[in-house]
Amino acid sequence: MRDKMADVHTDPVCRMEVIEGQEAARRDYDGVMYFFCSKVCARKFQQNPESYVGTEMPVVQPAAEPDAASGGLARSHVDPVCKMHVIAGREAGKWDYKGTTYYFCNVGCLKRFQADPEQFLGGKPKSEVKSQKAEVTTARVSPQRHEDTKSPKNRQSTIVNRQSHIDPVCKMVVREGSEAGKWDYKGTTYYFCNPNCLKRFQAEPERFLARPKSEVRSQNAEGRTTEANGEGPMAEGDSALPEPTILEKPELGRIETITLSVGGMTCASCVATVEKALTRLPGVKTATVNFAIEKAIVEFDPKVSPVPSLEKAVVDVGYEIIHQAADAEERSEVELRHASNRLVWAWILGLFPMLMMLLHSLHLFHVSWMVWLDVAFCAAVLFGPGWTTLRGAWGSVRAGSASMDVLIVLGVAAALGSGVAVLAGLPIKSFADAGGMVMAVFLTGRYIETRAKGRASQAIKKLVALGARTARLQLAEGVEKEVPVTQLTPGSLMVIRPGEKIPTDGRIVEGESSVDESMATGESLPVDKKPGDEVIGATVNGNGLIKVSATRVGSDTFLSQVIRLVEEAQGTKIPIQAFADKVTAKFVPVVLLVAAATFAVWMLLTPTIKPMLEWASTFLPWVNPNLSVVSLAFFAGVAVLVIACPCALGLATPTALMVGSGMGAERGILFRSGEAIQTLKDVRAVILDKTGTITRGRPSVTDVIPARDMTETSSAVSDRVPSREDEVLRLAASLEQGSEHPIAGAVVAAAQSRGVRLTLPTAVQAVPGKGISGKVDGIEVLAGKELLLAECGVDCQTLEQAAAELRKRSRTALYVAAGGKPLGVIGVADTVKPDSAQAISELKALGITPIMLTGDNRETAAQIGAEAGIGRIVAEVLPAEKRRVVKELQQEFGSVAMVGDGINDAPALKAANVGIAIGTGTDVAIESSDVTLVRGSLTGVVAAIRLSRATFVKIRQNLFWAFFYNVVAIPIAMLGLLHPIMAEVAMALSSINVVTNSLRLRRTRL
């Protein structure tokens, strides 16, 4: 059989070996084709290729410089962690250990090796550095590939000839002797790069062998490479590498995101169970579960793992999927009603034996079958009101996890068991009377916690309630039909009467009205609307009947975008939550071990501990040192089970985020993720784009200066208006009212705001680049640059001083003349927003440095900066350079925020630690921003920072009290100083405290 070259390339970004045909992507740059192991590497390369191709990238050393120690063949090193081959000089890191240097393909491998070297060296250090000649697999350099590797045209990854194996799971190249494991299956030996691939293959081998076996390479008993289909031996260097197959994780197709409502989660430990069940699916990229809002956000490939498989995975581990078709509000009310019923019955059944015990202790009541009564009522509570808790505990155990339900059920069951043991004649005290009370207190705490969580999620409920439920469609002239808003489609013609909510985003096609848009913009005054104007769904129509054509419906509407962003922010996990999640995932198993150890220690050391109990009994009436050893051990063990509370840890962060993001949404501040809230609190400088952020973003009239002799030159028309300024404005605005120029619009708007009556002009003629001319009231009027007036024979000397003063203040001077004589000059500029100066002052008070970034000239920028109170200005910056400026400011201040319009400033917003898009209208889902301010005011930036800081104060308080409670309470319970009922009360209060503390965030003044 003829020799073949197995085309293996080096990824220029991560230096991994990539087989041609198996690459995730390839890119042509400067006439050279580069191959990549992942799309992430391809994107990094595409963004800055020069940083990766500035040096030559051969897989082996050039043939002209052979390694004498290896007989002239290229040397390579084996990463001791992942077993990948690493070329000297191309390593991500290296480390000396017991006299041997080890090389690593990435920093992660290096850190894992440093933490536990012996784990990867089989218990004894040995050099993994091998000459390529010493291995069965050899690497031969194709001479023609090294003629000029430094030349740009010859920078392509060197192709080498290898005898190798393909891991059937991840498709990585594995060399014999370097494999992490191998396994014979149906007469073929398969080699694996790591133990996980081996385990997955052993579990489902056919899944990874879906392609013809002729594409799989193997070693026969004689050590010669053979085709897997047995057609014969392969010559050294032959290539029969498989074509790309669908990989479980690395080669997912189009990724979609879905939010699943998960029912049945009873504590924070359930989060880890659901996340683990989802991420085990082959098509799932990530799964994030939020216990507080009972939702799972899943990124997945629907072709590999369709939605039904996601839902099945959740159901299989004991939980339920709540479909969004059901009314969420109604479902919440039903759950609360059922919880209330369980609570009432638990107290009735739990209090009865406690009352009997009290009467018995007062010698007012005595029956010989008291223990039978206790056992019966305890069992009734456990299998009656406590049935949902029992079912939840069984589901957790069946799924191989442990939750809060498991602790409570074990505690109550142990109390019940002690009563049964007494009935069986064993020397132990019955705690069955306390078991029912423990369950009653637990259900009470859960009910209060659920109600508090419902209050914390009020923001989304309020947003949903804003939308209209029905719309009135016009089917034909005079024919209308009321339909649910879910049936609307783009182009649907809606009839909206005065006082009704606008069902969805659209454009007015008939009628005029004023619309209350305070829900979206925060403006209290209604906005006048006419045909052609856009309206926002959920806003309220004013005093006119309008017909609106739907433009955006369903999930595309403004309100839906807001709700989605709030849900995503509440559903994401932030870095500070990572530690709490890790603790919560291991919490219940550890508590079970601690409870068992407590029981064992009491059984063994009761005589030693008893003096302490005798002392404690003098001020703790529930401590009884005279109980039997088994009873004391039972007492302490049950207390440990029921006092431990992972829920407080699990609720500490998400409830505060839920309240904080909800408060932001109510004020037009939309956080795209919880991480944005965390990052914003550390911002030390805020970079502000000038146009549209500090200023209004559109020109407006700032000054109207009439000529000194205007009264004499315009007597023919001056009697129509009360002032000379208004007359100048009236003539200019009358002339400009048909123009589309921004300055013309500013002049017309100023006249209308002053109540000046305009006249329809005639013979209007626009002079490009100079201005406009025409007749108003039969008089020839000019408006524009000085050049236009000069060309028409108008002497503007009397206006020069006023115009110069305007230009000095960065105003545009609009000259106005009438009847051949100068009438006055109008100053036009993009003015500072009314609240910008106040917002800048408040930012300074927070210890944050405001910086203005603009492309305008320094004089204009300095003028705007002075008006807004900004001392630091970076002017004359092109849009493409803003990103560089942000990077430089990050070097100076550390964490910075960039505030812009989200469109022209997109690169700068992305480069900043927090990107804030301001005044974006109805498009709130700006991809380049981390925070979106729906209302175009800089005060929103101040409010967002204050909200971020306040939220994290609450998160820290919650985490402190949650950890403090468990650290203090569990040891007290272990000492036998807490009655199980009191322990359960303390547990319930810890969760309630966390939720109510988060709710106190709503009192924060922003």
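The chain as shown is numbered from 1 upward.
Each Cβ is built from the backbone N, Cα and C atoms, and glycine gets one as well.
Note: TrEMBL annotation is automatic and uncurated.
Some features that TrEMBL has for this protein:
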- 121-158: region 'Disordered' (REGION)
- 211-241: region 'Disordered' (REGION)
- 217-228: compositional bias 'Polar residues' (COMPBIAS)
- 256-322: domain 'HMA' (DOMAIN)
- 343-363: transmembrane segment (TRANSMEM)
- 369-390: transmembrane segment (TRANSMEM)
- 402-424: transmembrane segment (TRANSMEM)
- 587-609: transmembrane segment (TRANSMEM)
- 629-653: transmembrane segment (TRANSMEM)
- 959-979: transmembrane segment (TRANSMEM)
- Between the transmembrane segment (369-390) and the transmembrane segment (587-609), do 3 or more CB pairs sit under 8 angstroms, pairs being 6 or more residues apart? no
- For the transmembrane segment (402-424), the distant same-chain contacts (Cβ-Cβ under 8 Å, at least six residues beyond its ends) come to 266-270, 273, 371-372, 374-375, 378-379, 381-382, 386, 389-390, 392-393, 396, 430-436, 438-439, 442, 588-589, 591-592, 595, 631, 634, 637-638, 641-642, 644-647, 980, 984
- Query: So what's near the transmembrane segment (959-979) in sequence-distant terms, Cβ-Cβ under 8 Å and 6+ beyond its ends?
  - Reply: 434, 576, 580, 591, 594, 598, 602, 609, 612-613, 616, 620, 622-623, 632, 635-636, 639-640, 643-645, 648-649, 651-653, 986-987, 990, 993-994, 997
- Query: So what pLDDT does the domain 'HMA' (256-322) average out to?
  - Reply: 81
- Query: Using DSSP, how many residues of the domain 'HMA' (256-322) fall into helix, strand and coil, respectively?
  - Reply: 21 helix, 24 strand, 22 coil
